[in-house]
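Database features (TrEMBL):
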type     : residues                                                  : note
DOMAIN   : 12-371                                                    : domain 'tRNA-guanine(15) transglycosylase-like'
BINDING  : Asp91, Ser92, Gly93, Gly94, Phe95, Asp145, Gln191, Gly220 : substrate binding site
ACT_SITE : Asp91                                                     : active site, proton acceptor
REGION   : 251-257                                                   : region 'RNA binding'
ACT_SITE : Asp270                                                    : active site, nucleophile
REGION   : 275-279                                                   : region 'RNA binding'
BINDING  : Cys308, Cys310, Cys313, His339                            : Zn(2+) binding site
Amino acid sequence: MQFEVLAKCHTTRARVSRMRLAHGVTMLPTFMPVATQAAIKGLTPQQVEALGINLILNNTYHLNLRPGIQVLKEAGGAHKFQGWTHNLLTDSGGFQLVSLSKFTKITEEGALFASPFDGSPTMLTPEESISIQHTIGADIIMQLDDVVSSLTVGPRVEEAMWRTIRWLDRCIEFHQSSGKDDVQNLFAIVQGGLDAELRDKCLDEMIARKDKVAGYAIGGLSGGEEKDVFWRVIKQCADKLPEDRPRYSMGIGFAEDLLVCVALGVDMADCVFPTRTARFGVALTFKGPLNLRLGKHATDMRPIEEGCPCPTCTSGMTRALLNHTATLETAAAHAITQHNLVFQARVMGGAREAIINGTFPQYLKDFFANYFGDVGYPEWCVSALRSVGVDLLEGRPESKTVSGDGAKWEYSDAA
Ligand SMILES: [Zn+2]
C-alpha cells in the first residue's frame, strides 16, 4: 500500500489522502458500501463501478459459510468471484461470529462457535481468519479481534483489549510468513471499550507495531453507546494514531456521523445503513432523509433530489413513482440504493474537495444547516466539532440543538 496525505484542514483534524492498493487508487476520506455476500444488495458490480465507487467491503464470516473457501479458491479469489476489479476490504469474521452465532465462546486460542450447518463446535483462530482472508484476496484485511459490545463494562473489556493485542501479533506473524503481505494489507483494530485509559494502553501497544500494520481501525463502537461518548473515543484514537497510516472507523454510516468522524481525523468508514434503509424506502438527501413510503410523496413529481447526478434522479424517476413502488418492487429498491450510495459519495467527495480548498469548516456549517434545518442540530455533533475548532452555532444563535442521536424525522421505522 502507498498512503500519502495530500491536504490537511487548517482548522479541524480532517485530511485528504491517496491510498494506492493492488486494485487501484482510492481517495480518502471515503465511505465503503457493504457487499455482505460478495454483492451490494440490489446492484451489479458494473452499476456500483458506474457510481464512481472503487472500494467496497465483503464480510468474511458470510463468504466463509457460503459459497465457502473452496469455491472462492476455484474462482481465484473474491474479486473474480464477484466480478469486481476495484479495491476490496474484508473484515475478520469475528464481529458476525459473536453477533450472529447462538453459541460463541472466546478462548485464548480463538473463537469457538457452533457451525451454523450442523451445530458442531468450530474454532476461528486469528491465523484461520487471516488464512480465509488470504483466499478471499481482499486488498485490505482485518485482524481477528476479541469483540465485546460497547455496552459491556467491567474486567471483560480489559481482557478483550489485551487479547486483541495478542491476536494482532498472531495475525501479523501468520500474515508476514505467508508471503501475501506485499499485496494484502493488514489493519489492526483498536479496542478498549469506552474506557479512555484502556483505549490509551491499546493505542500504545498497537502504535508500537506500526511497522507491521498498514492501517488502523477503531473498533468496539456503534453498539448503542451514547453518541457523546462515541465521539470522544473516536477523537482520542484519531488524535493519537500515526499520521502516516489510514484510520478506519467501523460501522459508521449516517452523514452527520461521517462528517464528524472526518473532522476528528478519520479516513474510512463503512455501514449497511444507506443500502439497507433504501430497501425500506428511505432516500438520503442533503435536506435530510425522505421516507418515500409516506403519503405526502404520492403526487410529488420531483426527483428524489434536484441536482443529484445519480441514475435515478437523472432518469426522471419521480418521488411519486417511488412512493408507489417502494418496498413492493425490486426496481424501486435498486433505484433508491443507487441514489443513496451516490449521496454518501457526494457527502465524502464534497468533504475532500472542501479540505483541499481550505473551506471544510464552512462545508460542515452548510451541511448541518441544510440537513437539520429547523429540526435542530444533534448536541453531540455540536460538541464534537467544537473540540476541533468549528462552532456550528456561530452566527446561528437561533438554531436549536437536540439531545440523543439527533433528529430522525423521516428515518422512522426504516432501520
Ligand atoms: Zn439521486
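Each Cβ is built from the backbone N, Cα and C atoms, and glycine gets one as well.
Curation plays no part in TrEMBL annotations; they are all automatic predictions.
Here the features listed in TrEMBL are painted onto the structure.
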residue: Ser92; record: substrate binding site; DSSP class: coil
residue: Asp145; record: substrate binding site; DSSP class: coil
residue: Gln191; record: substrate binding site; DSSP class: coil
residue: Gly220; record: substrate binding site; DSSP class: coil
residue: Cys308; record: Zn(2+) binding site; DSSP class: coil
residue: Cys313; record: Zn(2+) binding site; DSSP class: helix
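Closest to His339 (Zn(2+) binding site) in space, going by CA atoms and restricting to the recorded positions Ser92, Gly93, Gly94, Asp145, Asp270, is Asp270.
Nonlocal intrachain contacts for the region 'RNA binding' (251-257), taken as residues 6+ away from its ends with a CB within less than 8 angstroms of a stretch CB, comprise 31, 221-222, 266, 269-274, 284, 343-344, 347, 367-368, 371-372, 378, 381, 406. Considering only the binding-site residues Asp91, Ser92, Gly93, Phe95, Gly220, the residue whose Cα is spatially closest to the Cα of Cys310 (Zn(2+) binding site) is Asp91.
Taking the Cα of Asp270 (active site, nucleophile) as the reference point, the closest of the binding-site residues Gly94, Cys308, Cys313 is Gly94. Sequence-ordered, the extra residues of this chain that approach the Zn(2+) site, with Cβ no more than 8 Å from the Cβ center of Cys308, Cys310, Cys313, His339, are Pro303, Ile304, Glu305, Pro309, Pro311, Thr312, Thr314, Gln338, Val342, Phe343.
Cα-Cα distance from Asp91 (substrate binding site) to Cys313 (Zn(2+) binding site): 33 Å (rounded to the nearest whole number). Take the binding-site residues Ser92, Gln191: by the count of other Cβ atoms within 10 Å of each Cβ, the lowest one is Gln191.
On the backbone, the CA of Phe95 (substrate binding site) and the CA of Cys308 (Zn(2+) binding site) stand 35 Å apart. Fewest other C-beta atoms within 10 Å: among the binding-site residues Gly93, Gly94, Gly220, that description fits Gly93.
Between the C-alpha atoms of Ser92 (substrate binding site) and Cys308 (Zn(2+) binding site), the distance comes to 35 Å.
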